[in-house]
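K.L.:
Sharing a structure below in structure tokens format, with a few things to ask.
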Amino acid sequence: MQIKLANPRGFCAGVDRAIEIVNRALEVFGPPIYVRHEVVHNKFVVEDLRIRGAIFVEELDQVPDDVIVIFSAHGVSQAVRTEAAGRGLKVFDATCPLVTKVHIEVAKYSRDGRECILIGHAGHPEVEGTMGQYDASNGGAIYLVEDEKDVAELQVHNPDKLAFVTQTTLSMDDTSRVIDALRTRFPAIGGPRKDDICYATQNRQDAVKQLADECDVVLVVGSPNSSNSNRLRELAERMATPAYLIDGAEDLQKSWFDGVERIGITAGASAPEVLVRGVIQQLQAWGATGADELAGREENITFSMPKELRVRSI
């Protein structure tokens, strides 16, 4: 069996920044540091931060007064920001800047009196945060659609004053079809010049397609609640390549590789490389050879840290 590695894979700039915000807050202010929702959707990362003194909560009413709270990479609604400000909580915002870009778009549509359609998955924290940017007090509304069926059934107040945005971690192929359906049904609809799916999501989806084309089975390292990791598994499966979403080497089953010659490995944007290395080691213990990295797009994007948490140069 030969191992092939997707490129790029694993951490993106937004995830790097979010994790570093929690780490730096722990170093500068000491534990406990409260984090609203898992800072990124990865079990290994969250447990490591919890051991270091991060306390993960789902709502601000679980946060005591006079403590530091961090908003997760997925972003929060304006109502959550207002609640934090009203309580005087010291907040560091780990929202991915590419999610913030979508928030700004939604807020602008709301101010302009345009209704907004969000393409995304119900219940995902990024979707909840993005929908919470729309101020419906001026009579408009924001709608959530997941697929073409939702578009066909959608009823809006004014189809001539309508715009769309998208969750950043969706399947590019699925989203393209939904956008086409929206433009067919609502010819006057506005939106971003390109969909809001982030560069890292696009790059990892392109890479997993290449991997699935060249391999007999694909392993996606990522947690079950990671949207972008699930999309990678689905993309490989759509190319008729068996694919498995795993948290790490402990989830591997030897029977998956019976008769397999080429094993592809990728990782979601919130999965650290140490987990990939653990998977490679286990496969090599079962007789796999090599770990050849495919050619792919170079990523050199970085996002700045909050001023108080920046490492000071000497």
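Yeah, the Cβs are placed from backbone N, Cα and C, and that goes for glycine too.
Straight from Swiss-Prot, here's the annotation block:
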ACT_SITE  GLU126  active site, proton donor
BINDING   CYS12, CYS96, CYS198  [4Fe-4S] cluster binding site
BINDING   HIS41, HIS74, HIS124, SER226, SER227, ASN228, SER270  dimethylallyl diphosphate binding site
BINDING   HIS41, HIS74, HIS124, THR168, SER226, SER227, ASN228, SER270  (2E)-4-hydroxy-3-methylbut-2-enyl diphosphate binding site
BINDING   HIS41, HIS74, HIS124, SER226, SER227, ASN228, SER270  isopentenyl diphosphate binding site
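Relative to the rest of the structure, where do these features sit?
P.N.:
Secondary structure at GLU126 (active site, proton donor), taken from DSSP and collapsed to helix, strand or coil, is helix. Same-chain residues at least 6 positions away in sequence with a Cβ under 8 Å from that of GLU126 (active site, proton donor) are, in sequence order, HIS74, GLY75, VAL99, GLY120, GLN167, THR168, THR169, SER227.
DSSP assigns CYS198 ([4Fe-4S] cluster binding site) to coil, not to a helix or a strand. With a cut-off of 8 Å between CB atoms and residues at least 6 apart in sequence, the same chain places CYS12, GLY14, CYS96, LEU98, THR168, THR169 near CYS198 ([4Fe-4S] cluster binding site), listed in sequence order.
Close to HIS41 (dimethylallyl diphosphate binding site) in the fold, though at least 6 residues off in sequence, lie GLY222, SER223, ASN225, SER226, SER227, SER229, SER270, each with a CB less than 8 Å from its CB.
Under the DSSP three-state reduction, THR168 ((2E)-4-hydroxy-3-methylbut-2-enyl diphosphate binding site) is assigned to coil, being neither helix nor strand.
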K.L.:
For THR168 ((2E)-4-hydroxy-3-methylbut-2-enyl diphosphate binding site), list the number of other Cβ atoms lying within 10 Å of its Cβ atom.
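P.N.:
Taking every protein chain into account, the count is 26.
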K.L.:
Which chain neighbours of the (2E)-4-hydroxy-3-methylbut-2-enyl diphosphate site, leaving out HIS41, HIS74, HIS124, THR168, SER226, SER227, ASN228, SER270, have a Cβ atom within 8 Å of the mean position of the site's Cβ atoms?
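P.N.:
So the additional residues around the site are VAL40, GLU126, THR169, ASN225, SER229, GLY268, ALA269.
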K.L.:
Let me spell it out: for each of the binding-site residues (SER226, SER227, ASN228, SER270), count the other Cβ atoms within 10 Å of that residue's Cβ, using every protein chain shown. Which one has the most?
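P.N.:
The most densely surrounded of these binding-site residues is SER270.
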K.L.:
Return the residues near HIS124 (dimethylallyl diphosphate binding site) by Cβ distance under 8 Å, restricted to its own chain and a separation of at least 6 in sequence.
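P.N.:
HIS124 (dimethylallyl diphosphate binding site) has long-range Cβ partners HIS74, GLN167, SER227.
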